[in-house]
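According to TrEMBL, the protein carries these features:
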type	residues	note
ACT_SITE	A:T200	active site, nucleophile
BINDING	A:T163, A:K189, A:T200, A:E286, A:N408, A:T413	substrate binding site
Protein chains: 2
Amino acid sequence: MGQGNFTPAYIVVPEGSITTPKGFSAGGLHCGLKKAERHDLGAIVCEVPANAAGVYTTNVFQAAPIQVTRASIEAGGVLRAIIVNSGNANACTGKQGEADAYEMRNKFAEAIHVPIEHVAVASTGVIGELLKMDRVRGGIAELPARLSSTYEAADDFCQSILTTDLVKKEVCVSVTVDGKEVHIAGASKGSGMIHPNMATMLGFVTTDAAIGSEALHRLLRKATDLTFNMITVDGDTSTNDMLVAMASGLAENEELNEAHSDWAAFAEGLRYVCEVLAKAIARDGEGATKLVEVQVRGAVTDEAGQAIAKTVIGSSLVKSAIFGADANWGRIIAAVGRAGQPVNPETVDIRLGDIVTLSQSRPVAFDEEAALAYLKGDTVIIHVDLHMGEGTATAWGCDLTYDYVRINAAYRT
Amino acid sequence: MGQGNFTPAYIVVPEGSITTPKGFSAGGLHCGLKKAERHDLGAIVCEVPANAAGVYTTNVFQAAPIQVTRASIEAGGVLRAIIVNSGNANACTGKQGEADAYEMRNKFAEAIHVPIEHVAVASTGVIGELLKMDRVRGGIAELPARLSSTYEAADDFCQSILTTDLVKKEVCVSVTVDGKEVHIAGASKGSGMIHPNMATMLGFVTTDAAIGSEALHRLLRKATDLTFNMITVDGDTSTNDMLVAMASGLAENEELNEAHSDWAAFAEGLRYVCEVLAKAIARDGEGATKLVEVQVRGAVTDEAGQAIAKTVIGSSLVKSAIFGADANWGRIIAAVGRAGQPVNPETVDIRLGDIVTLSQSRPVAFDEEAALAYLKGDTVIIHVDLHMGEGTATAWGCDLTYDYVRINAAYRT
């Protein structure tokens, strides 16, 4: 994962958000789905039909809004808007839940005067309870007046999609395509029930690039595999995960595809946006005190490296040790060894930051105080080199803390 | 898993232990590997060469004692003794660790006057530190004088193999074979780093039945798959897991094999011994306040049911909810849906004990107070019926608590 080893093709836009790309507005408000007086209904709207692509949870139980979004995008590959609620996942809610998700879509389409199949729906929150539709309807009636392309309106949207998240997640970059400035922005939420296999969170990407929905889908899927699918908080894959991208085309570049000379630059920008959002979710994992990154090198293939990186980042024992700032590399190697991938038990190196703890599978005496200081930082990088091949991978997660247990022991109450 | 639906072929022996089967003695003492004044070196000895079988961790990094035990059992299929230390896993310790494990074996063989390849070795504790061999040698010199077939000596052994365990684990049953009373007994340890894929713990089974080492191995593997491989505490598979069975033959039955009319009774007794030990490990999971059992029915195959049961029992979100006595069945169904097995999203029933929470994938209104009272008990049974086929499975685990984090945030210190 060579980021940092070359000059990136993208520039991060300070104070950029999902409304920075041309054509997008957003907004959010409190309609009453959350007990606290926090935003719980929001929308992103594009002033023109945007080419759209989505990737969804692999969980067998897909929540009603996923069916609706899939139906909308499949109808014509374009979206004008996406409406999102937090506080209730509208999952395992049967025919009524499905009807409610379609009503959310249709009512919001009517409110902003666009065809119903140009609207997508996303939900996040408690599973198995029906949406309080009177509150949703009230919110939908108010929402159009709140839409704006200001940073504050984008902020309202970012707030409206959060559940146990402590911070909002957003990023915006610019990339030069055909000599024109193209923006790619994203917002996401996610804190618990986070695990590979798509997205395990809600993510929204806006861009003003001209790109067809199928090309956008290919890029989105590839970026997802390297970013959202490489994070884990707790190994649980939600019923509601969804990542939707909308491209307004208002930057007026030549339509992007694999033959375009700026395709790689755009792809890199999109991957970076997804990486920032994915890392932000990992860092904001329920109860987390720090971001943990696992970098694997020397695996037989990238896929083998990914499986190993995910096993290490998902180990409750590794995560607890990092919370305790304990340089317990034995748990790291135990996780490497149970990942089900080719590993030579004689050739493994492990570093915590710059501190070598294992070389060629043999313990190396290290400065415990330096290790303690490193592990107490807000970012911990675990390097694993297998010395077997050229495969590399990076995964992100967080530590396992008392607060994770506290948050999840009483989530419904 | 029909236990309880028929009259068992075995009788539980009150105050039975690993020294109840004829021919076995045991003992344990503190030699100085643990900081606290707790037993950390023990042995089981058989007065005749016992037919022996072992199953081992699937972790790529297998600790030195596993190599030694494998070598001993492969040499001739018989054992006279197994020596065990706790406090240090002797894993990832290189050539010196290997030499130390062989020295443990050879010194103890010499001390009890048996051939070196008639002794097996097991270790559990911290990874990556060399054994303090002076202390081990001192312990080995004292150990023979402590060996006895009394219940107290068996207790000393059971204590000597514990690490973060809060309680010892032992059980003994009797089975009638050829009209003779045959005993099968077991002792185990395990609390953290517990996950399927063998055995993620140390387990020792003694029996006075006459049974060849290959037949014993077949039975042991089958029993392991249904018991030790169906428990999880934290999803981490250790480098040191080992289950060893020794059969003295002193009950003087006709040698047991598949053609013997009492083969099924003996197999049932062995499976029961393994199940008791496995459940005891799950209940004593690090920080656990209760045993959680997941019973899956109606899966397309037993294997599919096992995968689903293990996914539910391993979910940090489900485990946290049970700690909080929160009837959050949404997390159970989310885990069922991500297990990667065939599931019809329209036909799932979920019960917590007798409390139906989901029927045909639709929420059922239930008495929250009754659910709270049930979930506050010391055993929680989650029933999942998929209504797809005849496959069944049972898995065991525990809740995820503040104490799990506390224990694992500072294990080395």
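Glycine is treated like the rest: Cβ placed from N, Cα and C.
Curation plays no part in TrEMBL annotations; they are all automatic predictions.
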Around the Cβ of A:N408 (substrate binding site), how many other Cβ atoms lie within 10 Å? Please give the count over every shown protein chain. 27
Among the binding-site residues A:T163, A:K189, A:E286, state which ones have a Cβ less than 8 Å from a Cβ of chain B, giving them in sequence order; state 'none' otherwise. none
With DSSP assignments reduced to helix, strand and coil, which class does A:N408 (substrate binding site) get? helix
Run through the Cβ atoms and count how many others sit within 10 Å of the one on A:K189 (substrate binding site). 26
Neighbour count, 10 Å Cβ-Cβ cut-off, for A:T163 (substrate binding site): what number do you get? 22
